[in-house]
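These features come from Swiss-Prot:
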REPEAT    27-63  repeat 'TPR 1'
CROSSLNK  LYS147  SUMO2 cross-link
REPEAT    169-200  repeat 'TPR 4'
REPEAT    297-327  repeat 'TPR 7'
REPEAT    366-395  repeat 'TPR 9'
REPEAT    400-432  repeat 'TPR 10'
MOD_RES   LYS467  N6-acetyllysine
REPEAT    468-500  repeat 'TPR 12'
Amino acid sequence: MAASSSIVSVAPTASSVPVLPSSCDFSNLREIKKQLLLIAGLTRERGLLHSSKWSAELAFSLPALPLSELQPPPPITEEDAQDMDAYTLAKAYFDVKEYDRAAHFLHGCNSKKAYFLYMYSRYLSGEKKKDDETVDSLGPLEKGQVKNEALRELRVELSKKHQARELDGFGLYLYGVVLRKLDLVKEAIDVFVEATHVLPLHWGAWLELCNLITDKEMLKFLSLPDTWMKEFFLAHIYTELQLIEEALQKYQNLIDVGFSKSSYIVSQIAVAYHNIRDIDKALSIFNELRKQDPYRIENMDTFSNLLYVRSMKSELSYLAHNLCEIDKYRVETCCVIGNYYSLRSQHEKAALYFQRALKLNPRYLGAWTLMGHEYMEMKNTSAAIQAYRHAIEVNKRDYRAWYGLGQTYEILKMPFYCLYYYRRAHQLRPNDSRMLVALGECYEKLNQLVEAKKCYWRAYAVGDVEKMALVKLAKLHEQLTESEQAAQCYIKYIQDIYSCGEIVEHLEESTAFRYLAQYYFKCKLWDEASACAQKCCAFNDTREEGKALLRQILQLRNQGETPSTEIPAPFFLPASLSANNTPTRRVSPLNLSSVTP
């Protein structure tokens with residue numbers, strides 16, 4: 001995106017919303033609390049419940065204000081007084097989700113608050129009808145082209161108001177939402193940026209803007225207001241963009257300046273650790289959060305993902321039952337129950353609960369991705385592809401959906417499609433070894449072996465989660481008859497798994513020892529060959545080969561065959577694996593500069 005397309009000049013707009021000063025200074029927490037309490041009330045009056053809740057939770061984390069410092073409610077304008085009866089009635093209808101009825105009684109109102117509720121009621125009415133049609137007529141996996149029919153009319157009306165500079169911060173927010181829904185992304189970004197300047201304390205505008213930012217470069221070109229709210233926005237967008245180190249630093253700074261009791265910040269830190277697969281840390285933080293806020297449901301689906309990965313059935317069962325008691329019809333609750341059934345390998349039931357979650361909120365990203373995983377388990381690749389595609393429609397930054405699509409096309413033996421989707425996943429998670437190993441396998445199938453080498457080595461260099469990159473790289477060197485490089489990879493693999501004490505599948509370990517035994521035997525390095533052959537005897541699939549090789553080594557030694565001192569060996573075996581401490585010749589480490597990205 002060009003810089004000029006994202007930088008907007010903000011002109012004054014007519015507004016009945018009180019001026020809300022919001023500098024970037026955190027030194028006056030009392031003033032920040034006043035601002036949060038005020039914006040919580042203003043958003044609540046307009047039916048923006050999530051923004052109101054966010055502001056109220058953040059305000060609650062700060063020290064209480066004395067009576068003398070509590071702000072009076074905003075003054076009522078002449079227009080507000082004229083529309084008071086209609087607004088009061090319409091807001092009651094709005095609160096019980098009778099949106100058309102609310103809009104009917106607000107038609108013709110002139111105050112900014114009543115006008116926003118009128119337009120917002122029309123928008124939500126269209127969204128509700130669209131969702132009803134999606135669920136009832138087509139089902140959650142056949143969303144098709146169902147649209148909110150009210151969007152175009154709303155855009156025309158809001159555009160006229162915008163050109164006349166008659167939209168306040170809330171009106172700009174709604175205009176941006178309408179533009180985003182119509183896929184007018186560039187225009188939506190400009191309007192949301194304008195909304196943050198006009199009303200910087202409205203979290204909803206920041207959040208909508210966050211959903212449209214695709215990379216860090218795009219973020220640099222935004223002309224954002226210099227406000228303390230910007231710090232919360234940056235922490236959130238860094239988490240979304242997988243810039244976890246920067247995100248954690250931002251959240252730590254916010255804790256240091258006085259928001260240490262904020263459950264929102266604590267939950268975001270847990271999500272950040274989840275994103276970098278620091279499972280122990282994330283679990284610990286979520287458990288602490290549950291103690292502080294036992295009835296919290298937000299982010300509990302992420303908590304359940306961690307319990308799922310660790311196969312903690314009893315803890316996941318307890319969480320599912322607990323959330324059912326709190327609110328069984330929340331999206332997060334359905335996802336937690338789905339994860340519970342998935343862990344028990346009841347994939348049909350799991351998919352059913354993810355579908356229930358999508359009936360409650362068709363734009364809930366986690367449910368689409370998890371349902372795709374379940375269809376993969378059920379070998380229903382076409383349904384899995386649809387689910388993953390819906391997840392990408394909701395959020396193009398979801399690497400799990402791109403990775404899932406790569407896996408489905410790998411099953412369908414379509415390597416070029418597979419390569420495309422794995423590349424997209426890798427772009428979003430450049431330091432995730434799983435994406436790199438998947439890319440390497442794709443390149444290998446396409447006979448692009450140099451690229452495959454790069455991917456496997458890079459996967460090892462960034463921290464191989466599954467401990468498979470070196471094995472795959474070694475097998476690739478075997479295939480290319482690069483015996484010394486293959487041996488070095490196998491030795492490094494063995495050193496790694498023995499140094500961390502991790503239990504691995506026997507097939508991988510035995511494969512490494514079998515190759516090394518044969519390699520050292522060819523090099524006439526009897527001690528090393530004997531040590532590896534003895535290790536082969538510990539595994540069923542290599543036991544006979546190991547015994548045969550030991551007999552050959554013994555026979556050659558009895559015949560007086562001397563070990564070689566000229567043929568190079570990769571480097572020493574770990575001391576615990578060597579038959580003795582007899583030194584062997586060591587060559588320079590493997591030169592991987594030619595295959596390192």
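The backbone N, Cα and C atoms fix where each Cβ goes, and this holds for glycine too.
Counting every protein chain shown, the number of other Cβ atoms lying within 10 Å of the Cβ of the residue listed as 'N6-acetyllysine' is 17. The stretch in closest packing with the repeat 'TPR 1' (27-63), judged by the count of Cβ pairs under 8 Å and taken from 169-200, 297-327, 468-500, is 169-200. Using DSSP to sort the residues of the repeat 'TPR 9' (366-395) gives these counts of helix, strand and coil: 26 helix, 0 strand, 4 coil. Long-range neighbours of the repeat 'TPR 9' (366-395) within the same chain, counting only residues 6 or more positions beyond its ends whose Cβ lies under 8 Å from a Cβ of the stretch, are 140-143, 211, 301-302, 331, 334-335, 338-339, 342, 345, 347-348, 350-351, 354-355, 357-358, 401-402, 404-405, 407-408, 411-412. Comparing LYS147 (SUMO2 cross-link) with the residue listed as 'N6-acetyllysine', their Cα atoms are 46 Å apart once rounded.
Computed over the repeat 'TPR 12' (468-500), the whole-number mean pLDDT of the model equals 90. Cβ contacts within 10 Å of the residue listed as 'SUMO2 cross-link', excluding its own Cβ and spanning all protein chains shown: 13.
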